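Contents: one structure, followed by commentary.
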């Protein structure tokens, strides 16, 4: 007799680890991203910047339990979307095992995936700070999560056509980082440049704390994506830390070469770039491969931020595309190069004799990037035509905290 999910035996160790991992990933958004981004903006915009991440988490949480999870992870329909048979969580039992993680409860897997959806849209906010209407941002969250994140998550993780193609993404290189980075690029194209495009961090201490919380939370992000408390989680944990450390050191070296001094902002940017790049590869690569991935990714992101952005003239305020988009692309491609079958039998990369894996990775990168860019442009155009995307010039110059929220971050 075939065992059903109701008959599956839940594992208390796996469940405990995944509860911790889910909380760790939540910590990345609230308050990790909020603090990281908030410290990098002008003091007149710190509350608005932080609130963009907080409200993204709240709105996405509602979308996810209403319909988002089911469309992303429901039974596959023609490779493109999931079947919404359990809308509003109807039919999901307290002790029902998750279909994609049969040793943990379904509710826990739903919550874990919720934190990924929330941080993805929160990351986009870093590109549009200091000039986007809050009302437009609220509408953008609903439309983007529904029309971009949910389908892409299904294609890669929910049994959709990219999964069927064999594309690997252990914890979100395509679904989270390429998706958010390219969407950010599309949105800033529509918004245009700020009146003052200088990066003037008003409190780098906030950003250091935020980056530290991101680094800490990323162990839940990557090691948690093993979905069990076993050897694969431990391997993902170690390679995640290795890539982050290599990314930080690499960016500091680039700072020395360009300006002659190390910068704190450069160090934390490099760590985040390393974390982004190892995300798709964390459950597939060795420690030496993680070291290479981290060292290389900071060079790529550094060049994107320092040379590509000014050459192309787009105003990605906090370099979401330069760090998340570019490092996500490199990490996804690197997975196709370095995936080791003795780490995870699901992946064999080019250097271990499987060029087809690299091909699958490149296709996934191209498909997700193209879809995210085009649909984000359409969403942005629609919002610009209806509610308007951008605040007034007066509001932008005087700061969004007082004009949009009637509050101020500091009373000194």
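Going from the start of the chain as shown, residues are counted 1 onward.
Keep in mind that glycine also has a Cβ here, set from the backbone N, Cα and C atoms.
What Swiss-Prot says about this protein:
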- 16-36: transmembrane segment (TRANSMEM)
- 46-66: transmembrane segment (TRANSMEM)
- 71-91: transmembrane segment (TRANSMEM)
- 107-127: transmembrane segment (TRANSMEM)
- 137-157: transmembrane segment (TRANSMEM)
- 170-190: transmembrane segment (TRANSMEM)
- 204-224: transmembrane segment (TRANSMEM)
- 234-254: transmembrane segment (TRANSMEM)
- 276-296: transmembrane segment (TRANSMEM)
- 320-340: transmembrane segment (TRANSMEM)
- 360-380: transmembrane segment (TRANSMEM)
Q: Please indicate, using numbers and ranges, the residues of the same chain that are 6 or more beyond the transmembrane segment (71-91) and have a C-beta under 8 Å from a C-beta there.
A: 65, 99-100, 107, 110, 113, 117, 149-151, 153-155, 157-161, 164
Q) Residues sitting near the transmembrane segment (16-36): Cβ under 8 Å, six or more positions beyond its termini, same chain? A) 49-51, 53-54, 56-57, 101, 104, 108-109, 111-112, 115-116, 118-119, 122-123, 125-126, 206-207, 209-211, 213-214, 216-221, 223-224, 227-229, 233, 268, 272
(Q) Below 8 angstroms Cβ to Cβ, which residues of this chain, lying six or more residues outside the transmembrane segment (320-340), approach it? (A) 123-124, 126-127, 168-170, 173-174, 176-178, 180-182, 184-185, 269, 272-274, 276-281, 284-286, 289, 292-293, 296-297, 300-301, 304-305, 308-309, 314, 347-352, 354, 357-362, 364-365, 369
Q: Quick one: find which recorded stretch in 107-127, 137-157, 170-190, 234-254, 360-380 has the most Cβ pairs under 8 Å with the transmembrane segment (46-66).
A: 107-127
Q. Top stretch among 170-190, 234-254, 360-380 for CB pairs under 8 A with the transmembrane segment (137-157)?
A. 360-380
Q.
Please report, as numbers and ranges, the same-chain residues at least 6 past the borders of the transmembrane segment (107-127) whose CB is under 8 Å from any CB of it.
A. 15, 18-19, 21-22, 25-26, 28-29, 33-34, 37, 40, 49, 52-53, 56-57, 60-61, 63-65, 68-69, 72-73, 89, 92, 94, 98, 100-101, 137, 141, 144-145, 149-150, 153, 157, 172, 175-177, 179-181, 183-185, 187-188, 221, 224, 227, 316-321, 324
Q: Report, as numbers and ranges, which residues of the same chain sit near the transmembrane segment (170-190): CB under 8 Å and 6 or more residues beyond its ends.
A: 116, 119-121, 123-124, 126-128, 140, 144, 148-149, 152-153, 156-157, 162, 221-222, 224-225, 236, 276-277, 279-284, 314-317, 320-329, 331-332, 335, 364-365, 368-369, 372-374, 376-377, 380-381, 384, 389
Q | Long-range neighbours of the transmembrane segment (360-380), counting only residues six or more past its ends (CB under 8 A) | A | 140, 143-144, 147-148, 151-152, 155-156, 162, 165-169, 174-175, 178-179, 182-183, 185-187, 189-191, 325, 329, 332-333, 335-336, 389
